[in-house]
């Protein structure tokens, strides 16, 4: 037996005696491979050799072999001992549940604290909010102290004028488009497209002027309010 195989046998034997429960070769390989780096072939070979030497027991179920520690090496356990072990297991399970619940609660509190602002951040944000409030108060006092407020009637008049300009622009656009289509009905396609482009530009200029007029009126109203 090589030194590597001997080391695997020792570790597997100690593992089976410690856990004292049945395992397949695949189970042992999965449980010990990450920690000790055993290959599956080495594990199977070591467990078969341990079974031949009588250090562990082997049972065959169909095509699968199960290995477990030799029970003769352990002392007999009375019914009272088993009952005491069951009570101890129940106690430990209860303690485990309590500790798990406490850990979850502490983890929740930690997440809440991590998501909260620090004292320095709260102080900085509080300072910024006070500065914003001060600016709003100054602006509000300025608006309240103004003597040239516009009346609701004046505001309504500006909006009505804007609606009138928009309505007139739409009307003239429709009339101009109808006229151009009637005049250019028999024109060549290239010339017709040119004149339509000119008409479109003219309509755009007129609409833009009307829009500027309405915006200017609104600006005057707003400026009168805020001055």
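Glycine is treated like the rest: Cβ placed from N, Cα and C.
Under the heading coiled coil, TrEMBL lists 82-146.
As a summary of secondary structure, the domain 'Homologous-pairing protein 2 winged helix' (9-69) carries 37 helix, 13 strand, 11 coil according to DSSP. For 9-69, the entry in TrEMBL reads domain 'Homologous-pairing protein 2 winged helix'.
The domain 'Leucine zipper with capping helix' annotation in TrEMBL covers 150-195.
Marked as transmembrane segment by TrEMBL: 194-212.
Per-residue pLDDT, averaged over the domain 'Leucine zipper with capping helix' (150-195), rounds to 73.
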